[in-house]
Amino acid sequence: MGIRSNSPSSSFSSSSSTCCSRFLSSALRSKRVISPSEKTARDNSGHGLSRRLGVFDLILLGIGASIGAGIFVVTGTVAHDVGPAVTLSFIFAGASCVINALCYAELASRFPAVVGGAYLYTYTAFNELTAFLVFSQLMLDYHIGAASIARSLANYIVTFLEIFPVFKDNIPKWIGHGLNIGNVLSINALAPILLILLTLILCLGVRESSAVNSFMTVTKIIIVIVVIFAGAFEVDVSNWSPFVPNGIRPVFTGATVVFFAYVGFDAVANSAEESKKPQRDLPIGIIGSLLVCIALYIGVCLVITGMVPYSLLGEEAPLAEAFKSKGLKFVSVLISIGAIAGLTTALLVGLYVQSRLYLGLGRDGLLPAIFAKVHPKRHTPLHSQIWVGCVASIMAGLLNVRMLSHILSVGTLTGYSVVSACVVVLRWKGKTNIEVSSAKRREGVICLIAVAVSGFAAGLLFRYETSIIFVILAIIVAVGASLALHFRQVYAADSVGFSCPGVPIVPNVCIFFNMFLFGQLHHEAWVRFVILSILMVGVYAIYGQYHADPTADESIVYHEAPEEPPQ
């Protein structure tokens, strides 16, 4: 009779094809690029989480996130290997961060004042899946970083208390220093307590948490300035000669190390929804906080290398030891207080940023809706904040997070690179609001990938000390791809807000250097990047693709921020 029947194999094939088609359709969704008039209307709508952060608050937020105890330690430990030229290492790393900050500043002023930062920018410029992967890489960095900072803070507090005879040798290791049980477990009772206290402050509201951050950050800055001026009178200029004792290569190696001492200025971008005047203040907050950090780091570098010959600098507490050698023990006490203040602000801002990122994904449906809830009175994402605090407390209280420290920075470098690429891509989209052709877009993305791969290759070649010729070849490929982007694409200047200069060259320099640093990381970090990406693709396939809505934040109903009483 010629009757056809569907075989099980053909049904399975059809089902698989449908699933793959749906997955790709969802993964490649992106947020709509809004017009300048829409952005202005939404920013001035009078609604928001609670717009209480002024430009001074944002600058202190960036400084608080960037400068921890590292300013008293990293400066000396790198100087031990580089010599007085460690100042150049910090200048080179700072210059790299400045151009990264220019990219962040453009996007922060271009986008509506909502949470999301790098995740939001990627969702708009690229697609949903890439944005989710960027979030996951950043979030693992934040979780491990928060636990690590909390344990360091607990250790510093106990060490400071042991200055007093009543506490000397009387505080058990499990309270603050950490009691290791094997290679994985390490009990620390004080770290979770500190995290809970900071989480409670953040749950109270942005005004209260900003006040704490401002007080601690100002205290930290004053202490650093006092340390610089106290040390300036002990400087022996002969210690600066020779200025580059080990050649230029250690200077650049040192720059790759100290680059991460500046990380944190991007936290300002995640405070967009709580900024009073986001379009004006966010770029100032991002770039201003970074410039202050660069000045402080350079001051400390000059002092520490001028006080003591670089070869005599210690490894654990080089700055404190330098002052002790000059009979200025009171400065060592100040350094301990400054370190505690620095770690406190870094931890506070880190927890703050994490909760806002979870809030953004909860709104978009990539995470359960509970993360999108905002307290009606406190105007804070209470559930997200508590979740972040609980995860960090468990990790800090029970795990030896030092073992995980060498897989950090993957998320940061990934986020910085993608944000730089977003600036380039969104300039294509900005030309009279007309989409570029798919062929042009594909060509441009390939060029961006070529720049990134060249940077990673140059980093690997530099790390393993191969012939400089191969490094130059990688640079030539990156330059060629950048020139192709420059001449083959049409770019529109951003008519509203801050504009990054030199697009696409400046963003490409960012991408190249960030991926160069990626090549300097431990190989375990690369493994972490691949494994986490695979796992998150699975999470997206199971949950995210069915619940996400790229237009969700266009219909958010915010809680009105209460009017400020007249001064």
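Every residue gets a Cβ built from N, Cα and C, even glycine.
TrEMBL does not curate its annotations; it predicts them automatically.
Per TrEMBL, the feature transmembrane segment maps to 58-79 (among others).
For 85-107 (among others), the entry in TrEMBL reads transmembrane segment. Beyond the ends of the transmembrane segment (85-107), by six or more residues, the same chain brings 75, 78-79, 121, 243-246, 250-252, 254-259, 261-263, 265-266, 268-269, 282-283, 286-287, 290-291, 293-294, 297-298, 301-302, 305, 310, 416, 419-420, 422-423, 426, 494, 497-501, 506-507, 509-510, 513-514 to within a C-beta distance below 8 angstroms of the stretch.
If one looks beyond the transmembrane segment (119-140) by at least 6 residues along the same chain, the residues whose Cβ comes under 8 Å of a Cβ in the stretch are 26-33, 107, 111, 354, 357, 360-361, 364, 366, 410-412, 414-415, 418-419, 421-422, 425-426, 429, 528-529, 532-533, 536-537, 540, 544-545, 548, 550. Taken from TrEMBL, the feature transmembrane segment applies to 119-140 (among others).
Marked as transmembrane segment by TrEMBL: 184-206 (among others).
Residues 60, 63-64, 67, 71-72, 292, 296, 299-300, 302-304, 306-307, 319, 322-323, 326, 328, 331, 334-335, 337-338, 341-342, 345 of the same chain sit 6 or more residues outside the transmembrane segment (218-235) yet have a Cβ under 8 Å from a Cβ within it. Taken from TrEMBL, the feature transmembrane segment covers 218-235 (among others).
TrEMBL lists 286-310 (among others) with the feature transmembrane segment.
Positions annotated as transmembrane segment by TrEMBL: 330-353 (among others).
A Cβ distance under 8 Å defines the sequence-distant neighbours of the transmembrane segment (382-401), meaning residues of its chain 6+ beyond its ends; these are 143-144, 146-148, 150-151, 154, 178, 180, 183-189, 191-192, 195-196, 198-199, 202-203, 351, 354-356, 358-359, 362, 370-371, 373-375. Among the features that TrEMBL reports, transmembrane segment is placed at 382-401 (among others).
For 407-428 (among others), the entry in TrEMBL reads transmembrane segment.
The transmembrane segment annotation in TrEMBL covers 468-487 (among others).
Here TrEMBL flags 498-547 as domain 'Cationic amino acid transporter C-terminal'. Predicted-model confidence for the domain 'Cationic amino acid transporter C-terminal' (498-547) is 93, expressed as mean pLDDT.
The transmembrane segment annotation in TrEMBL covers 499-519 (among others). Counting only same-chain residues 6+ beyond the ends of the transmembrane segment (499-519), those with a CB under 8 A from a CB of the stretch are 96, 99-100, 102-103, 105-106, 256, 259, 409-410, 413-414, 416-417, 420-421, 423-424, 427, 448, 451-460, 462-463, 475, 478, 481-482, 485-486, 489, 491, 493, 526.
Per TrEMBL, the feature transmembrane segment maps to 525-543 (among others).
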Long-range neighbours of the transmembrane segment (286-310), counting only residues six or more past its ends (CB under 8 A): 55, 58-63, 66-67, 71-72, 75-76, 79-80, 82-84, 86-87, 90-91, 94, 97-98, 101-102, 104-105, 108, 221, 224-225, 227-228, 231-232, 234-237, 239-240, 245, 258, 261-262, 265-266, 268-269, 318-319, 322-323, 325-326
Selected stretch (most C-beta pairs under 8 A with the transmembrane segment (184-206)) from 330-353, 407-428, 468-487: 330-353
Spatial neighbours of the transmembrane segment (468-487) far in sequence, C-beta under 8 Å, 6+ residues away: 424, 443-444, 447-448, 450-451, 454-455, 457-458, 461-462, 504-505, 508, 512
DSSP residue counts for the domain 'Cationic amino acid transporter C-terminal' (498-547), split into helix, strand and coil: 39 helix, 0 strand, 11 coil
